[in-house]
Amino acid sequence: MSDTTESKRLTTAQDYASLIDKFDTFLFDCDGVIWSGPKLIPGVREVIAWLRTKGKNVLFVSNNASKSRPMYKKTFDDFGIDTTDDELFNSGFASALYLAKILNFPKDKKVYVIGMKGLEEELDAVGVAHCGGSDPAEMEYMPAKDYTSVTPDPSVGAVLCGFDAFVNYKKYSKAHTYLTKNPGCHFILTNTDATFPSGGEFYPGSGAMSAPLVYSTKMTPTVIGKPNSHMMDAILASKDFDRSRTIMVGDNLETDILFGQNSGIETLLTMTGVTNEDHLLGPKKSSTVPTYIVNSLGDFKVLVDESK
Ligand SMILES: O=C(O)[C@H](O)[C@H](O)COP(=O)(O)O
Ligand SMILES: [Mg+2]
């Protein structure tokens, strides 16, 4: 673990080479590191392929719960990045595992989902029943003061909230009702990212979608994704690595870098996502300090070119 209060900025091929030599396992965040919205970040495909030729372990650890792992695999395939299913870990998968394995979620109960098809698929994969989510009946406009479609359902044993491009007042009203009326109803968030990076711009993230429920219920949810340990538990359920030779590469100080620090591993911040220089140097700079900083993961491509 880095014990300096300053990060080391990587700018030369020598800097990149000495970092690669220090680590055997690379945990890569996705949004803002490998791609930004629909765009692959230049050089990244070549760097990831080259790391594999150097015998490095490569895992992908995303807080995005809108896609299932098979959907994520297709995203990597479409970008021409070779991956295998067992290298992909996202907060939807980790949330499903938490419900099934940690909570031993009862078979006679179901989860009310604020989220998309990908999150529902991960619940299906572990045999956890669910409702809400992508059900077309949930997409309807609900006139204010007409709560006839919001009926109690004692079989709902948890509310799980993730990235939902169709979030609406009806969903919030149903989730609020289950959380406040069903004794012991679990309140679980896939992640609490404030923003979602795309094309150099920033948009409301999953944390912004669950915030109304946290506010209306005054409840404290369990959060699964980075920086929380539940995300590492989901990885360690099937993978093992030497933490002293493992590095977390991410664009978000409050999720990726803090996750690395909470997990006892070194961290590399990339400046292609949600973090800018004001977060590092200005009066509002974060208290979370990465071990290393690089402009882009693609900058390591100079090593690929030199190795040809
Ligand atoms: O709003 C969200 O869910 C996050 O911004 C987004 O999904 C982060 O994904 P990651 O950077 O962890 O791949
Ligand atoms: Mg990211």
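Numbers here mean position along the shown chain, with the first residue as 1.
Every residue gets a Cβ built from N, Cα and C, even glycine.
As the structure is a computational prediction, the values presented were derived from the model and not from experiment.
Applying an 8 A CB threshold to same-chain residues 6+ apart, the list for Asp29 (active site, nucleophile) reads Phe60, Val61, Ser62, Asn63, Lys226, Met248, Val249, Gly250, Asp251, Asn252, Thr255, Asp256, Gly273. What TrEMBL lists as active site, nucleophile is Asp29.
Listed in sequence order, the residues of the same chain lying 6 or more apart from Asp31 (active site, proton donor) and placing their CB within less than 8 Å of its CB are Ser62, Asn63, Asn64, Phe196, Pro197, Asp251, Gly273. The active site, proton donor annotation in TrEMBL covers Asp31.
Classification of Asp251 (Mg(2+) binding site) by DSSP places it in coil, neither helical nor stranded. According to TrEMBL, the Mg(2+) binding site annotation covers Asp29, Asp31, Asp251.
The substrate binding site annotation in TrEMBL covers Ser62, Asn63, Asn64, Lys226.
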Number of Cβ atoms other than its own within 10 Å, given for Lys226 (substrate binding site): 31
Assigned conformation of Asn64 (substrate binding site) - DSSP reduced to three states: coil
DSSP state at Asp29 (active site, nucleophile), helix/strand/coil: coil
Neighbourhood of ligand 2 - recorded positions from Asp29, Asp31, Ser62, Asn63, Asn64, Asp251 with Cβ under 6 Å: Asp29, Asp31, Asp251
Residue among binding-site residues Ser62, Asn63, Asn64 with least C-beta crowding, 10 angstrom cut-off: Asn64
